[in-house]
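Asks: Can you keep this structure in mind? I'll have questions shortly.
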Amino acid sequence: MVIGNGEFEDWRGSKADPVRHGGGAAASIDCVVEVLENMVFLSNATNFVAYFLKSMHYSAAESANMVTNFMGTSFLLTILGGFVADSFLTRFKTFIIFCTLELLGLILLTIQAQNSRLLPDINSKPSKTQEAILYTGLYAIAAGVGGVKAALPAHGADQLNHSNQRLISSFFNWFFFSLCLGGLIASTVMIWIEENLGWNWSFKISVATLSVALCIFATGFPIYRYKRPGGSPLTRIYKVFASAIGNRKMSLPEAECTQIYGEKRNQDKLRFLNKALIGDSVTATDVEETKTFLGLLPIFASTIMMNCCLAQLMTFSVQQGNIMDRSLDNFNIPTQSLSVFPLFIMLASIPVYEYFVRLFRLKNNNHPRMLNMFQPLRRIGLGLALASGSMAAAAIVEAKRREAAHNAVILSVFWLGWQYLLLGVSDMLTLGGMLEFFYSEAPDSMRSMSTALSWCSTSMGYFVSSVLVTICNSVSGHFGKEWLGGKDLNLTRLDLFYTLLCILNFINLLNYIFWARRY
């Protein structure tokens, strides 16, 4: 049987049967795998700091930078993983190959951690060979994570009926729930193991867990449905631009453009690209694909600032928690587990959101305009608004904490709950909305790469956060004292930095609204 363009096939290469292939059961496997994979990724990101300090004998600054670079590289490489999945391999094969690569990197680091000959002597820096082993394992993991995070959500959504947008939306919400659940396990169980049994156990458990995740995913191959890769989308985009630039002095009559282009929705957008249709080198589908992908980029750029706020939960909010009262009855909350607060909030918000959406749809089924409020672009916008509100709350709480500290009073760490609450819900709405929006709106041949934009936004947010801190210190230093200089938060002006983030996020929200209305 001939497989039509855009149709799904089974593992034998025949046309997929909607009854036997795909569906909720196949998609749910991806959610289970995401719990295990994200637990491994985040627990190692935490574990690496202790490993670099205590075993590899790097300085604290070097260790922090190595972890930051690892995280940023992992998320940036999702674009590469998405490109491979869309162009050359199916999303299933992409996951298998890149997850195996991540597993091999983990095994290499585990072997090094257990073999004293592969570790530097006490108070000595690692040799060139030891560093080579370390960086080979570390960036094999980063490359593997990039491919896994690009392929897995798109593969899960491929299993569902695309005519039912509510089903697609629900999948991405529960996929985000799985991501948070993995993070929660990493922030609680794995932290306890590292503190009580040693960091070396974290490597062993990670190897075992990722092996199980790979096996679970692979065993679903008979019920999955697959889409054949369509070749390099970047090559087609390049050909469209090259053809449009080459034909820039030629004219394409409106009637002829309509005849060639057809009734595509983007005919009137980026009209200069329509000149690529002059001649036979580029098809109308190539032009439509290019316009659609370019249309996603302003939405992607508008979410980076929100992820800059999320970076504060991993940096300054943790430092705030270190000098606040972390006692809960007779239990002292570990600093590394402060990220449990936003994760709990995210985990709780998703079932609540799903319940209210279902209830709202039942009551307003005959009012399409009312149902549009749950569209991805609206949810992303609400998430960006909450990010600005969270930074306003963070600035107020920090000002109150500094005032209390100057009066020799230590505030409870639970005061940070306001910024965690708002940013937690913001992340749920924004990232969940981004995954759904980029997948649903992307051309069929670019869905993995487009979905990867969600993770690239996270990476760019961390980068922008570092740049903003540097700029703030440089500018404020010229006018007196650096806002974020020194190690004592009681002597800094973190509240002013949070206020700046609030203002920048509000301006970014207005920018987002402009592009969302034009989309």
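Just so you know, glycine gets a Cβ as well, placed from its N, Cα and C.
A TrEMBL annotation is a machine prediction, not a hand-curated record.
Straight from TrEMBL, here's the annotation block:
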- 66-85: transmembrane segment (TRANSMEM)
- 92-112: transmembrane segment (TRANSMEM)
- 132-152: transmembrane segment (TRANSMEM)
- 172-193: transmembrane segment (TRANSMEM)
- 205-224: transmembrane segment (TRANSMEM)
- 293-318: transmembrane segment (TRANSMEM)
- 338-356: transmembrane segment (TRANSMEM)
- 377-397: transmembrane segment (TRANSMEM)
- 417-440: transmembrane segment (TRANSMEM)
- 452-476: transmembrane segment (TRANSMEM)
- 496-515: transmembrane segment (TRANSMEM)
Asks: Hey, which of 205-224, 293-318, 338-356, 452-476, 496-515 has the most Cβ-Cβ pairs under 8 Å against the transmembrane segment (66-85)?
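Replies: Against the transmembrane segment (66-85), the leading stretch is 452-476.
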Asks: Taking the transmembrane segment (172-193) as reference, which of 92-112, 132-152, 417-440, 452-476, 496-515 has the most Cβ pairs under 8 angstroms?
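Replies: The stretch with the most contacts is 417-440.
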Asks: So what's near the transmembrane segment (496-515) in sequence-distant terms, Cβ-Cβ under 8 Å and 6+ beyond its ends?
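Replies: Counting only partners 6 or more residues beyond its ends, the transmembrane segment (496-515) has Cβ contacts under 8 Å with 298-299, 302-303, 305-306, 308-309, 312, 316, 380-381, 384-385, 387-389, 391-392, 394-395, 398, 468-469, 472, 483-484.
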Asks: Who are the long-range neighbours of the transmembrane segment (132-152) in its own chain, taking Cβ under 8 Å and residues 6 or more past its ends?
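Replies: Those are 30, 33-34, 37, 41, 44, 48, 56, 66, 70, 73-82, 84-85, 91-92, 94-95, 97-106, 108-109, 112, 118, 126, 448-449, 451-452, 455, in sequence order.
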